[in-house]
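Trainee: Here's a structure for you.
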């Protein structure tokens, strides 16, 4: 009987898997492939512009088609679909996913507050892959900080080019789609009106970003599917109607023949040919929303064949109508189908633009997590789909840049030069990072990595060289944009790192704290004081500054560090690390809250409750370990992962409390009547705060609880009942007087300007203003 059930169960599992993959593949059309599928709108026009105007004959068209076919086959199909999609970071893809993998398998990270405890995260290593064995090459890269800095700059440069994609993709896609209006009839509308309509569509596109893509996600996929079927069918019709011999051009022989005829002019045309694979990086970057199997199925089953048919058909038409290169796509569409295809093309262009804009938001969020971008507002737009975010500041900056590009260039060929350079640069960066992943993550022979670089890097280098030549004809735009964003990122990273090193070098010594005694030499008043710091060890200098200037401090002190870990997501049960600072009677604790680079730090209404339960659980764990070892000494410096979802073993009971009950412990409470009234007003004005769950804590009635543990838990609950205060440093960063001119400018002007014009740390950490205390500090770095 079991032998009959086993295969049936496996068959059901296989059917379920196939259904899931098919559904995800269908959805991926609208998110991943909008950009790549709209490339036929402008590839031939861009490739045949410039010096190739003198070679408009059948042999040139055949050669160009062969180039486009083999480019699509070698890079998107072989490199990305077959190889690169396998280098995911716990299901996430993109430049930062590769960098994150490298930082976990080798000591490449420049994030200053990393700990060995981070390696114990369940998402730190891939299943079946542990730490990388040491090698001379690995030790060489880890030893030289300048090489690690160059690697970070290399990754950031690729990220800046992706941001450039976010500005150029909407411009070229929408303008190419709208340009069909120029020739629907002999009296087509002027170029000025085409640009104006494109700008209106672009403004509408960016204005709707705040609503999130999830609301129209299912509408996007059918648009792209209809578009692909349309261009595939039109391509097949044109092959049969105009020139069936075009199929011979799939032979690489025509590539050789093309370069023999055109020479250097043919090499220069590669800047237009590479537009056939724009959007390829999105297959890898958007991997987190789908699976590798679904993206592969969509590409091999629909994208690749439909694009090949369309390029074949368009080339067949051009081989017999070489004078209509300027608008070859729309000219190749049969007359009765023009308006339906125009509408679908415009919608597909908008869909393609939407996907790259969303990818840009994700890239900026990842830079933010790495400490390489000023604090900006990150809005989570979907309650169901993790990772769909909206960044208002970046959205409007992109819109301004996109409109400037559209109005400034007014020509898809010039925009294509800029767009192509940005795309091929990102692909080139991915190739080199992928080579390092093959060595350090997959632990393959270095010769295999060299083979990967030689095969794919050489092809991309040829395309990159052709794009660089076109810097004066629009290619300068992505370089200028990347330079500005690189400057912002590096200045912010440099200033943040110098500030952290100042804190690290000026930590308060434990000896000084111990000499103050349990009262710290001041009055300990009821309440919990949460002191925010970037340090994961030691006591920050802000604490001594506070103690020496104020006569009182809180009964319970918790040093809170919110930090990023080089993994995409940190499971909620592994987010909190709890430890103790000093002897038990000092009532000083440390809480480290860990987030991955794709995690969104939302306003957690239960943070204080989680914190109290976590500290209580740590106290219990510490007591149990001390009892088993026979010593009741405090374990200073030890950090423990506390599972916040599991409330067992805390020694506390958390109960719901009614609004009017006596002794109610509000989420943020105080014994002061004045503060209670202010808090009530604040919660009413803050909308959602007044609807938060209100709880009270009680010590569980257990005889087994040690008297010292019971006393510590009672102090913790009394402090929670009295209220929670958030203490954060209001820092001013200045360069030292003996600093050189470049450092002085970077710290005193550039970094200071960025700090003044970005979100404050209290807002970024979702700290309630009613409970906030800021302590002024000057950092001389």
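The backbone N, Cα and C atoms fix where each Cβ goes, and this holds for glycine too.
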Trainee: Match it up for me: which of 113-140, 337-364, 533-560 does TrEMBL list as transmembrane segment?
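Mentor: Of the candidate stretches, TrEMBL labels 337-364 as transmembrane segment.
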Trainee: Suppose you had to name the range TrEMBL annotates as transmembrane segment; which of 16-40, 216-240 would you pick?
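Mentor: My reading of TrEMBL: the transmembrane segment range is 216-240.
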Trainee: Taking the domain 'K+ potassium transporter C-terminal' (526-779) alone, what is its mean pLDDT?
Mentor: 77
Trainee: In the same chain, who gets a Cβ under 8 Å from the transmembrane segment (419-441) while lying at least 6 residues past its ends?
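Mentor: For the transmembrane segment (419-441), the nonlocal Cβ contacts are 46, 75, 79, 83-84, 87, 95, 98-99, 101-102, 105-106, 126, 129, 132, 137-138, 154-155, 157-158, 161-162, 164-165, 168-169, 171-172, 271-272, 274-275, 277-281, 284, 448-450, 452-453, 456-457, 460-461, 463-464, 467-468, 470-471, 475, 478-479, 482.
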Trainee: Give the nonlocal contacts of the transmembrane segment (475-492) in its own chain as ranges (CB under 8 Å, at least six residues past its ends).
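Mentor: Those are 153, 156-157, 159-161, 163-164, 167-168, 271, 367, 371-374, 401, 405, 409, 417-422, 425, 467-469, 746, 750-751, 754, in sequence order.
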Trainee: Which sequence-distant residues neighbour the transmembrane segment (385-407)? Criterion: at least 6 residues beyond either end, Cβ under 8 Å.
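Mentor: Those are 163, 166-168, 170-171, 174-175, 195, 198-199, 202-203, 206, 209-210, 212-214, 217, 288-289, 357-358, 360-362, 364-365, 376-379, 415, 418, 477, 481, 569, 598, 600, in sequence order.
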